[in-house]
Amino acid sequence: MKTTEVPASVADALYSHQPSFDPAALRGMFTKGLNVKTFVVYCPDPRASGIPSAVAKEFGEVFPGENILDENGNKVGFTTNVGQLINAGGRAVDALRSITLLNHLLGFGRVVVVHHTFCGMTTFTPDSATDAYKKEHGGDLKKHYDSHDLYIGDFKESLTYDVTLLRNSPVIPASVDLYGYVYDINTETLHKVIEDLGTGKA
Ligand SMILES: [Zn+2]
């Protein structure tokens, strides 16, 4: 392993290194500058890149938005209400840690999990992915992941599984609204499959 020094101009660009460091005040500043209300979990397939815009339209939010600058031209915020969590297939298992920490930081109220048509994850079956992986790389995926996390064989099943995984997680606040959608890559439209509103609703 080889490391190089971080340039002095950015080495201390961490909030915790600032003389006025105040964790509680910073969380307030983040909430104000990054007014994210919805996090969308989706796949890095470039054909699915329209998902955050479609979700913003569905919930009447701003995307992609633009930078908010202070009087010195520093970037202190952004106008979009939609945050993006991108992982293979758009799965809850990968997104869980990010949702937990980002919700603590930003306090958003909605997570939208989106799976898409003709996703690479739909080329697998529970056994085909793990058998081929074992043959080619020697590792046993089933030792590390639930088989539901390794393929998409039915959109209703995969979205229900993901929303349930988030709802049952003790580190996701019960107040967060959860949704599961399928995105059609050809028509660029969303289809709602599951809605599980949080406890904060009247
Ligand atoms: Zn995909």
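Every residue, even glycine, has its Cβ placed from backbone N, Cα and C.
What you see is a predicted model, and the numbers here were worked out from it, not measured in a lab.
Copied over from TrEMBL, here are the features:
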type	residues	note
BINDING	HIS116, CYS119	Zn(2+) binding site
Within its own chain, what residues at least 6 apart in sequence put their Cβ under 8 Å from the Cβ of CYS119 (Zn(2+) binding site), listed in sequence order? CYS43, ASP45, ALA48, GLY89, GLY90, ILE152
C-beta crowding around HIS116 (Zn(2+) binding site), within 10 angstroms: 25
Give the helix, strand or coil assignment DSSP yields for CYS119 (Zn(2+) binding site). coil
